[in-house]
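A short write-up of the structure that comes next.
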Amino acid sequence: MQNTTHAQLVTKIKGWGKALGFADVGISSTDLSDYEAAYFNWLGESYHGEMQYMAAHGTKRTRPPELVPGTQSIISVRMNYYDADAHSPIEQLQTSDKAYVSRYALNKDYHKLMRKRLQQLASKIQQEVPDFTYRAFADSAPVLERPIAQQAGLGFIGKNSLIIHPRAGSWFFLGELYCNIDLPADPPFGKQGCGPCTACIDECPTQAILPNNQVDARRCISYLTIEHQGSIDEALRPLIGNRIYGCDDCQLVCPWNKFTDSTTEEAFKAKQIKAKHPLDATTLLALLSWSEEEFLNNFEGSPIRRIGFTLWQRNLCIAIGNDDYRPQNIEALTGLKTDSELVQEHREWAITQQTQKKQQQAQTQKSARLGGFTQLGKPAVAPKYYLPKKPR
Ligand code: B12
Ligand code: SF4
């Protein structure tokens, strides 16, 4: 196929991509050499913690044709997931007996949905180019998704390491089609748009954001609550607050996120999950009362199911320990039946936290909130949050 026809094909691909629900589509070359050193330095510093899958594939992640031989170009897509109709994330985050769940996990698991859409896009291309071959990815393989997205013009790499678009913020997933045809690449997103802003670095509860646009995963609450299998470092537990699955603080304080469009995907709307329980507005104790069966049933199709019941209960125990003192917290923790040593250890920690706060409360006779978030000298409340507008 001639270059001119390839250019026309790209125009069609972008149109089909948008019709399939992708908010943006761009084309990148397979040359990620500029990012390779930074990637291996990150691994070299052990910032990946226990995520062995991050270190297991040599240069396959930074050299796409090593992962899929014959790859000549990459179609990079993004899909919005923020649901402006969900209960206010700020209110949930600032109410210490409520449970905070990352916005991306309030709804159906995105991996399958994104890959299916990418396959639909590939089928369209195959109708035009019968010998077109591809592999579809969405956070599902050793792929350097953010550098690819930046190269494809989808946005810049923010200080919080996320891809940010000045007109779309960062509340979107990324996905790719590795292609065997040489499509003309889009210009990379040239401008780094953070300027002097350091809101994400300042607000990150665990100071996980490094000065070079990267994150030390071992300190990130997303890693601690989702990826980390064992006991969570006691020094980090109080900083987790009421975040029981993932963390969004570095997005909630990002000024570019004023410009996020709410998702148009039904599967990403909180009402899907709300049909079973109001995950966007629920309390920690309500969730702690679930049996394993309820956990599995309520989270059918949700990404949360993947962490399993033990880590779920571990995370809840930490969050309840971080709540202000409430007698019902101690009651629920004491009554929690579990065979897991991991949960037992976190439960004991949480009971100790609650007991200490009870004693402090008695000593100081203060009715104001003292516990959890504020006692560590770290404000629970950012000077400003930037939430997308509700759709008109
Ligand atoms: C491992 C991982 C994590 C880890 C580590 C996070 C991290 N920052 O690396 C943990 C579990 C902590 C995590 C958390 C989250 N994640 Co995550 N995660 C990934 C995963 C699987 C790999 C990321 C990776 O390669 N990290 C390694 C580092 C070294 O790579 P990197 O940060 O991309 O940095 C490279 C470049 O940015 C470069 N770089 C940076 N600046 C510059 C400047 C120049 C000039 C150059 C040359 C290079 C350079 O340096 C690196 C070297 O290549 C990707 C999916 C994928 N396959 O890519 C999703 C992914 C990055 N995660 C995603 C999301 C949504 C999240 C969370 C928001 C989830 C949540 N709410 O809890 C948080 C956000 C935390 C944060 N601020 O990063 C989305 C991000 C979408 C977006 N808009 O960018 C992705 C792309 C998944 C997806 N398909 O949508 N995640
Ligand atoms: S997700 Fe939370 S803990 Fe992780 S880097 Fe962002 S603000 Fe920090």
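Each Cβ is built from the backbone N, Cα and C atoms, and glycine gets one as well.
These figures come from a predicted structure and were not determined experimentally.
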What does TrEMBL list, out of ASP83, ASP139, ASP202, ASP261, as binding the same cob(II)alamin as ARG61, ASN160, ILE163, LEU174, SER222, CYS247, ASP248?
ASP139
Kindly point out which candidate in CYS179, CYS194, CYS220 is recorded by TrEMBL as part of the [4Fe-4S] cluster 2 site with CYS204, CYS247, CYS250.
CYS220
Using Cα positions only, nearest of the binding-site residues to ASP139 (cob(II)alamin binding site) (CYS194, CYS200, CYS220):
CYS220
Can you list which of the binding-site residues ASP139, ILE163, CYS220 have their Cβ under 6 Å from some atom of ligand 2?
CYS220
Counting across all protein chains present, how many other Cβ atoms fall within 10 Å of the Cβ of ILE163 (cob(II)alamin binding site)?
24
Can you go through the binding-site residues CYS194, CYS200, CYS247, CYS254 and pick out those with a C-beta less than 6 angstroms from ligand 1?
CYS247
Within its own chain, what residues at least 6 apart in sequence put their Cβ under 8 Å from the Cβ of CYS200 ([4Fe-4S] cluster 1 binding site), listed in sequence order?
GLY158, LYS159, ASN160, ILE209, ASP249, CYS250, GLN251, VAL253, CYS254
Proximal residue to CYS194 ([4Fe-4S] cluster 1 binding site) among binding-site residues ARG61, ILE163, LEU174 (C-alpha distance):
ILE163
